[in-house]
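Input: a single structure, listed below in structure tokens.
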Amino acid sequence: MTERIVEPKPHEDDLPVENSLRPRRLDEYVGQQTVKENLAVFIEAARQRAEPLDHVLFHGFPGLGKTSLATVISNELGVNMRSTSGPVIERAGDLAAILTNLEQGDVLFIDEIHRLNHVVEEILYPAMEDFQLDIIIGQGPSARTIKLDLPPFTLVGATTRAGLLSPPLRDRFGVTLRLEFYKVDELKLIVTRSARILGIRVDAEGALEIAKRSRGTPRIANRLLRRVRDYAEVRADGRITREVADLALRMLDVDEKGFDGMDRKILSTIIEKYDGGPVGIETLSAAVSEERDTLEDVYEPYLIQEGFLNKTPRGRLATRLAYEHLGISVRSCRQLKIY
């Protein structure tokens, strides 16, 4: 599958820009008000007690700011942050090397923490609970375990699949926070802030047009901003207005709901070829020439979240919103009864 402009996971060229756009403090962070309020209390309490912050788990869809919040936590506490990810830590020794190099109060950020293998995960248990590292010396009957003290630290984990975390690991996080999709007005503020940092000229209506099509996700908003900037510099006077943003996003095949061509193809296939559904996932996969896992993990979540697709035991159903968005009338009483 080629990279989509509205893909919430990072593209390779996103990362350098994202690092420059990340907020450094809580008061710079836009959106996630409940999460921010909770963190402000927990961070201040940790400061007053001169203790490390309890271990924190962030979960939610990709691109909502989990890494940015980990950065904010380390900056607010005035400590260093060490970043890694679940798939990178292949052996227990890899994790042991990271843990033994931490300093008092440091933040260890593990992205995609649900992808840690079980052997590595078990090393984390005593490290999180007792700030100790169990090291096995020798093999066979002569093997023995020694305990190595670690400096107190804060583990910040991030996951898009909280249900895949084992209960023992999940229970060791003192703070668990879910990140929600952003509102349009919050995304407008993010677009405006990013434009200022990147030196992009955008007016209020132009920022709003980009925000509307960003699928509730800051990462997508920032990516669309950069692509619209390209269009504005080549086809306009370099300033992003509502009209320029609309023309650029149409050229990129991103409609007013933030759907791309494949999103619309999935909905139109269900409606036009299968009378609105229900249609099985394997049949739909063959009809749109896309792998089942890709449909379930990449395309369906947002369509379901926005109410354009229903997932039932009998298959997928297009909702009335899907008909209206595509400009297709509901063509039978059977379809009307579904909703």
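In case you wondered, yes, glycine gets a Cβ from its N, Cα and C as well.
Annotated in Swiss-Prot:
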type: BINDING; residues: T67; note: Mg(2+) binding site
type: BINDING; residues: R292, K311, R316; note: DNA binding site
type: COMPBIAS; residues: 1-14; note: compositional bias 'Basic and acidic residues'
type: REGION; residues: 1-20; note: region 'Disordered'
type: REGION; residues: 1-182; note: region 'Large ATPase domain (RuvB-L)'
type: REGION; residues: 183-253; note: region 'Small ATPAse domain (RuvB-S)'
type: REGION; residues: 256-339; note: region 'Head domain (RuvB-H)'
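Overall, the recorded DNA-binding residues R292, K311, R316 cover a maximum inter-Cα distance of 14 Å. The region 'Disordered' (1-20): residue composition by secondary structure is 7 helix, 0 strand, 13 coil, according to DSSP. Across the region 'Head domain (RuvB-H)' (256-339), mean pLDDT in this model comes to 87.
Around R316 (DNA binding site), the C-beta neighbours below 8 angstroms that are at least 6 residues distant in the chain are I270, G277, P278, V279, G280, I281, L284, E300, L309, N310. R292 (DNA binding site) is surrounded by 13 other CB atoms, counting those within 10 A of its CB over all protein chains shown. Broken down with DSSP, the region 'Head domain (RuvB-H)' (256-339) shows 49 helix, 9 strand, 26 coil.
Applying an 8 A CB threshold to same-chain residues 6+ apart, the list for K311 (DNA binding site) reads E300, I304.
Same-chain residues that are not part of R292, K311, R316 yet have a Cβ within 8 Å of the Cβ center of the DNA site turn out to be G280, I281, L284, L295, E296, E300, G315. R292 (DNA binding site) sits 29 Å from T67 (Mg(2+) binding site), taking the Cα positions as reference.
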